[in-house]
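Comments concern the structure below.
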Amino acid sequence: MELIRVLANLLILQLSYAQKSSELVVGGDECNINEHRSLVAIFNSTGFFCSGTLINQEWVVTAAHCDSKNFKMKFGAHSKKLLNEDEQIRNPKEKFICPNKKNNDVLDKDIMLIKLDSSVSNSEHIAPLSLPSSPPSVGSDCRIIGWGSITPIEVTYPDVPYCANINLLDDAECKPGYPELLPEYRTLCAGIVEGGKDTCGGDSGGPLICNGQFHGIVSYGGHPCGQSLKPGIYTKVFDYNDWMKSIIAGNTAATCPP
């Protein structure tokens with residue numbers, strides 16, 4: 001059974017007290033310290049469990065299934081051991097999940113918008129990534145980013161986030177591996193058909209960046225990660241642009257597209 005990316009990490013937390021970080025990009029390389037300025041680490045007392053994307057100084061976008069009590073967000077992080085001087089930590093002030101989301105369907109509208117308790121400042125390692133101006137095209141070059149396990153089964157945690165290059169695939173290429181996916185889920189399929197590069201458990205909520213734009217949110221995938229014919233599934237950000245812009249503008253009663 002395919003698993004929501006964060007659930008695999010929660011199981012690991014139960015099995016091993018020492019390994020508390022989230023899982024992440026399989027088949028990647030160490031990210032450059034300056035290439036993930038919009039990446040947000042979402043964490044609690046057990047460690048990182050999800051990621052998010054800073055879209056302006058006061059708002060973060062992540063997956064709805066990352067919602068949890070008592071979490072914080074870290075901005076400008078790279079190494080877990082060596083702090084950047086410009087790292088900043090914020091709490092959520094308000095959280096918005098689509099009011100028309102089906103609560104018993106984890107794949108439906110897997111997106112959450114978070115207002116910070118205070119704005120963050122742009123710095124050498126912190127900068128927002130704006131919402132996409134147009135939908136992505138099949139075949140686009142995409143980048144995935146995250147902290148955690150760099151192996152799909154035996155957990156191996158790196159100190160810094162890893163990155164990998166993948167491609168946006170046609171939905172028809174994903175359908176055989178995910179017969180449960182429905183068009184109304186508003187998702188993107190991205191990865192390598194032959195496998196080997198993928199996001200993984202705990203990478204949930206992090207960005208899929210295609211041609212320099214924030215197009216997807218890590219949501220769903222096969223387990224183990226990186227299987228052939230089971231690319232990653234990402235919430236399609238563009239379809240929720242109007243909802244997010246309405247919330248940010250103050251219309252907190254706005255609903256998501258059906």
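Glycine is treated like the rest: Cβ placed from N, Cα and C.
Residues annotated as signal peptide in Swiss-Prot, with sequence analysis given as evidence: 1-18. The disulfide bond feature in Swiss-Prot is assigned to Cys31-Cys163, Cys50-Cys66, Cys98-Cys256, Cys142-Cys210, Cys174-Cys189, Cys200-Cys225. Marked as N-linked glycosylation site by Swiss-Prot on the basis of sequence analysis: Asn44. Residues or ranges marked as active site, charge relay system by Swiss-Prot on the basis of similarity to another entry: His65, Asp110, Ser204.
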Inset, instruction - Can you figure out which of His65, Asp110, Ser204 (the active-site residues) comes closest in space to Cys256 (disulfide bond), comparing Cα atoms? - result: Asp110
Inset, instruction - Work out the three-state DSSP category of Asp110 (active site, charge relay system). - result: coil
Legend entry - Listed recorded positions Asp110, Cys163, Cys189, Ser204, filtered to Cα within 10 Å of Cys50 (disulfide bond): Ser204
Inset, instruction - Please name which of the recorded positions listed here, Cys98, Cys163, Cys200, Ser204, is nearest in space to Cys210 (disulfide bond), Cα against Cα. - result: Cys163
Inset, instruction - Sort the active-site residues His65, Asp110, Ser204 by C-alpha distance from Cys163 (disulfide bond) and give me just the closest. - result: Ser204
Inset, instruction - Starting from Cys98 (disulfide bond), work out which of the recorded positions listed here (Asn44, Asp110, Cys225) have their Cα within 10 Å, and give them in sequence order. - result: Asp110
Legend entry - Cys200 (disulfide bond): tally of other CB atoms within 10 A of its CB: 32
Inset, instruction - With Cys66 (disulfide bond) as the reference Cα, tell me which of the recorded positions Asn44, Asp110, Cys200 is the closest one. - result: Asp110
Legend entry - Least buried by Cβ count (within 10 Å) of the recorded positions Asn44, Ser204: Asn44
